[in-house]
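A short write-up of the structure that comes next.
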Amino acid sequence: MEEANKTVVSEFIFQGLCTSRELQIFLLMPFSALYLMTVIGNLFVVTLIIIDHHLHSPMYFLLANLSFIDFCLSSVTTPKLTTDLLKDNKTISFGGCMSQILCVHFFGGGEMVLLVTMAYDRYVAICRPLHYTSIMDRQKCIWLILISWIIGFVHAMSQLILILELPFCGPRVIDSFFCDIPLVMKLACTNTDTLGIVINADSGVLATTCFILLLISYTYILLTVQHHSKDGSSKALSTCTSHIIVVVLFFGPCIFIYLWPVSITWVDKFLAVFYTVITPLLNPAIYTLRNKDIKSAVKKLKNHR
């Protein structure tokens, strides 16, 4: 018995999105295209903001960071998901699994804090326009970005340390396409009820705190916008609407997966696909389609060519 307990799982097996071989082959092209569009879209936004001097403002500096995080978040899971669609045996090493957990929570946690930072930037721009340049100076922007990365890293490490303490010696099949904490915990050779509460509280506190701060910020901004002139109000409302759409798309699935007491496998898989594959693609599209400055920068880039 003691010898069995010392047996360490060296790899995990993914069940993937579905069991049908035909459906997996059918999904290969759409997921490959989605990932390619995500990479091109996000890196294009980052490059455009770097090369166009008119976009060297705090709002676009934060947007470039959001696009970079979305590119990284998508790259943690989507390439593996896509290549696994061609395989019957979908395995991942123990180290690879732990790396996925670390990276998903690092980039996901960082994005949550970054979205709060972007809301703060819009709050200062709309509610205190005369003091905007002095409040949101270059140094403060860099510090706010660093804080979002640091909080994301601390959150990810706290999750990973708790998971690494668990003994894995028996079942190794994960009913998903990437290593997600709730599913990996189920495979531990020990009772994880208490640990599950601690981990969900960790993720829940970060997600809920950021979400509440965002709701307060945008409510205050929208109330302030009502007192502005019609033109200013329209522009501010357009910008805030873009931000709010991104917030809902990102936080909705995360809160549902980690805080909803009932777990329905196909719903969890769909939501996991949504926030790891779809949302990173939608973010640059939402900002690009709704933003006049970025449209103008794209036109200038075309004219130069």
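Even glycines carry a Cβ here, placed using N, Cα and C.
The transmembrane segment annotation in TrEMBL covers 25-51 (among others).
According to TrEMBL, the domain 'G-protein coupled receptors family 1 profile' annotation covers 41-287.
A Cβ distance under 8 Å defines the sequence-distant neighbours of the transmembrane segment (58-78), meaning residues of its chain 6+ beyond its ends; these are 31, 34-35, 38-39, 41-43, 45-46, 49-50, 100, 103-104, 107-108, 110-111, 114-115, 117-118, 121-122, 125, 136, 141, 144-145, 148, 177-178, 246, 276-277, 279-281, 283-284, 287, 293. Per TrEMBL, the feature transmembrane segment maps to 58-78 (among others).
TrEMBL lists 98-120 (among others) with the feature transmembrane segment. Residues 59, 62-63, 65-66, 69-70, 72-73, 76-77, 80, 92, 144-145, 147-149, 151-153, 155-157, 159-160, 163-164, 178-181, 184, 203, 206-207, 210, 213-214, 217-218, 221, 243, 246-247, 250-251, 254, 275-276 of the same chain lie 6 or more positions beyond the ends of the transmembrane segment (98-120) yet place their CB under 8 Å from a CB of it.
The feature transmembrane segment is assigned by TrEMBL to 141-164 (among others).
If one looks beyond the transmembrane segment (204-223) by at least 6 residues along the same chain, the residues whose Cβ comes under 8 Å of a Cβ in the stretch are 109, 112-113, 115-116, 119-120, 122-123, 126-127, 151, 155, 236-237, 240, 243-244, 247, 251, 254-255, 258-259. Sequence annotations record features per position, and here TrEMBL assigns transmembrane segment to 204-223 (among others).
The transmembrane segment annotation in TrEMBL covers 244-264 (among others).
According to TrEMBL, the transmembrane segment annotation covers 270-289 (among others). Listed by sequence, the residues of this chain that lie at least six past the ends of the transmembrane segment (270-289) yet keep a Cβ under 8 A from its Cβ atoms are 17, 31, 34-35, 37-38, 41-42, 44-45, 63, 66-67, 70-71, 73-74, 76-78, 81, 104, 108, 176-178, 180, 242, 245-246, 249-250, 253-254, 256-257, 295, 298.
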For the domain 'G-protein coupled receptors family 1 profile' (41-287), the mean pLDDT of the predicted model: 86
